[in-house]
Amino acid sequence: MYRILSQNEHETYESFDDKLEKLADDEALDAKRWKRRHVVAVLALLGFANIYAMRANLSIAIVEMTSGGERKVNGTMLHVHGDFENWTPMTQGVVLSSFFYGYIVSQLPGGYLAYTHGAKTVFFAGTFGTAVFTLLTPPFARMGWGMLVFARFMEGLLEGVTYPAMHVIWSRWAPPLEQTKLATFAFSGSYFGTVIAMPLSAYIGESFGWPMIFWFFGALGVIWCTVWYKTVHDRPEDDPKITTSELALLQRDAFSQSHYLVPWGKILRSKPVWAVIMAHSAQNFGFYIMLTNLPRMLKDIAGYDLEKAGLASSLPYFLMGFQIVTGGQLCDYLRKNKHYDTLFVRKVACAAGFIGQAVFLFLVMTTSNSLLLVLFFSISIGLGGICWCGFSVNHLDLAPQYAGHLMAVSNTFATIPGIFGPLLVGAIVENGIIGEWNVIMYIIISVYLAGAAFFWKFADASIQPWASENTSFVGQLE
C-alpha cells in the first residue's frame, strides 16, 4: 500500500534532498581547492617569516652599524667607518637583548587577549606594531642606543602576543590528527624568515646602507598585515568560503573557549606543563644565542666578512624550517597511519633533536675547517626543528581549550634565555677568540641535554584532569 505524501512532507523531503545535494557539491569543491585551514597555515607561515625577519635583521645590521664595511667609491674599495663604533660588546649585548624584555612581558596578556578580542586581531596587531617600530629603528638609533633599546623593547612587547594567539587559532582550525603538521608548518615561517633576512640584510646593508634593512622589512610586514586581516577569520564558522564538510570536521572536536575558568594553580603545578616549559626554554637558549651571534661567531672563528657571514648564517635556519615541516608531517603520519602512541612520538622527537644538536655543536669545537664549521653549525641548529615537533604542539595535547594560555606560560619562561643569552655572550666573549666561544658552546650543550632529560621524564600527551574540569568564568585563579 502506498500513501500519497502531503505538501509539507514533499517540502521536507525536498529540503533534505537539497541539503544532501549541497553537501555533495561542497565535497566536490573540497577536493578541487585548498581547504581554508591550509590557507590559514600558509598566511601564518608568511606572518612568522615577517616577524622573524624583523627580529633577526638587527643581528646583521649591528655588525655594519658598529664595524663599518668595505664600499666601492669611484672604482676603489674603501673602508667606511661604522656609525656606532663606540658601542662596546656589552652595549651591543644590551641592544640585542632588549627585544626580549618586551617579549617576556606580553606573553600572558597575549594569550588572554587572543581569547577575549580575537586571535586573528591580536596576531595582526602584534605584527603591524612590530613593523611600525622596525620602520622607526634608523631614526631612533641615531638618537642614541637608549632609544634603540626602547624601539626593540616595543617590538618585543608587540611581537610577544603572536605565539599565544597562533595557538588559539590552531585550537579552532586544526583537527586533532593534523595539529602537529599544521602548527609546525606555520611555525616554520620563523626559520624561513630568518633564512631570507640574514643574507638579504647583508646584501641590502652593503649596497644601500644599514637603515634600508629596517625600511625594507618593515614595509613587507605592513603589506602582509593587509592580506592577513582581509583573508583570515577567528573561527571556521565565520569564514564565508569554508565548505560544509570542512566546517563539520573542525567543529566535531571543537571546544568552546570563551567561558572556561583558567585553572592557573593546577597549570603551574603540572609536571607535564613544566616538561614543555623546560624543553622550550632549553631550545630557545641555544637558538637565541645563535640567532643574535652566529654572524659574529663566523666572523671571529672563520674570518668571514659580513656578506659571507650573513649567507652562511642563513643555512642553519633553512634546515631548521625544513626539519620542522617534514618532522611535523612525519609525527602526524606515525600517529595517524602507523598508530604510534602520541607521547612516544613527542618524546622521541624532542630527545633526538636535543641530543643531535649537542653532538654537532661539540663537533664544531673539533674543527678549524671553515666549510665543516658551517656544516656542523647548520646541522646542529637545524635539528632544533625536530625538537619543536615534540614540545611546541604538546600544549594542544594537554589542554586544547587552554592552548593559548599554555603557550603564553611556556614562551614567557622560554624568553628568559633571550634576555640573558646576549648578556652572557657579552660577558664571556670579550676578545672574540675561539676559546671564549667554546665556553659558550659547552654551556649550550649542557642546557640541551638537561632539556632532553626533563622532557623525557615528565612529558605527557593526554588531556590533563584539570583540563576536563570546565567552569563558566575566565581568568580566575584557583
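Even glycines carry a Cβ here, placed using N, Cα and C.
Please treat TrEMBL annotations as automatic predictions, because they have not gone through curation.
The domain 'Major facilitator superfamily (MFS) profile' feature in TrEMBL is assigned to 45-463.
According to TrEMBL, the feature transmembrane segment maps to 39-63 (among others). Long-range contacts of the transmembrane segment (39-63) within the same chain, counting only residues at least 6 positions beyond its ends with a Cβ under 8 Å from a Cβ of the stretch, are 92, 95-96, 99, 123, 126-127, 130-131, 134, 137, 152, 155, 159, 162, 166, 169, 173, 182, 185-194, 196-198, 201-202, 205, 210, 213-214, 217-218, 220-221, 224, 227-228, 231-232, 291-296, 299, 306, 309-310, 313.
Sequence annotations record features per position, and here TrEMBL assigns transmembrane segment to 94-115 (among others).
Annotated transmembrane segment per TrEMBL: 122-141 (among others), in sequence order.
Under the heading transmembrane segment, TrEMBL lists 147-170 (among others).
What TrEMBL records for 182-204 (among others) is transmembrane segment. Away from its own ends, the transmembrane segment (182-204) comes close to residues 37, 41, 44-54, 56-57, 59-61, 166-167, 170, 173-174, 212-213, 216-217, 291, 295, 306-307, 309-311, 313-315, 317-318, 320-322, 324-325, 327-328, 385, 388-389, 392-393, 396 of its chain (Cβ-Cβ under 8 Å, at least six residues beyond either end).
Note on the transmembrane segment (210-229): residues 43, 46-47, 50-51, 53-54, 57, 60-61, 64-65, 83, 120, 123-124, 127-128, 130-132, 134-135, 137-138, 197, 200-201, 204 of its chain, located 6 or more positions outside it, place their CB under 8 angstroms from a CB of the stretch. Annotation source TrEMBL lists transmembrane segment at 210-229 (among others).
Summarising the annotation, TrEMBL assigns transmembrane segment to 273-291 (among others). Outside the transmembrane segment (273-291), and at least 6 residues removed from its termini, the chain residues within Cβ reach (under 8 Å) are 55-56, 59, 100, 194, 267, 297, 316, 350, 353-354, 357, 361, 377, 381, 384, 387-388, 390-392, 394-395, 398, 406, 409-411, 413-418, 421-422, 424-425, 440, 444, 447-448, 450-452, 454-455, 457-460.
According to TrEMBL, the transmembrane segment annotation covers 311-331 (among others). With a threshold of 8 Å between CB atoms, the same-chain residues lying at least 6 positions outside the transmembrane segment (311-331) that come near it are 60, 180-185, 187-192, 194-199, 202, 290, 294-295, 298, 304, 345-346, 349, 374, 377-386, 388-389, 393.
What TrEMBL records for 343-365 (among others) is transmembrane segment.
Summarising the annotation, TrEMBL assigns transmembrane segment to 371-391 (among others). Only residues 6 or more beyond the boundaries of the transmembrane segment (371-391), in the same chain, are considered here, and those with a CB under 8 A from a CB of the stretch are 180, 184, 187-188, 191, 275-276, 279-280, 283, 286-287, 290, 294, 297-298, 301-302, 312, 315-325, 327-328, 330-331, 345-354, 356-361, 363-364, 410, 455, 459.
According to TrEMBL, the transmembrane segment annotation covers 403-425 (among others).
Residues annotated as transmembrane segment in TrEMBL: 437-456 (among others).
Long-range contacts of the transmembrane segment (147-170) within the same chain: residues 40, 44, 47-48, 51, 54-55, 58, 94-95, 98-111, 113-115, 119-120, 122-123, 125-127, 129-130, 133-134, 136-137, 140-141, 179, 182-183, 186-187, 234, 257, 395-396, 403-408, 411, 415, each at least 6 residues beyond the stretch ends and with a Cβ under 8 Å from a Cβ of the stretch.
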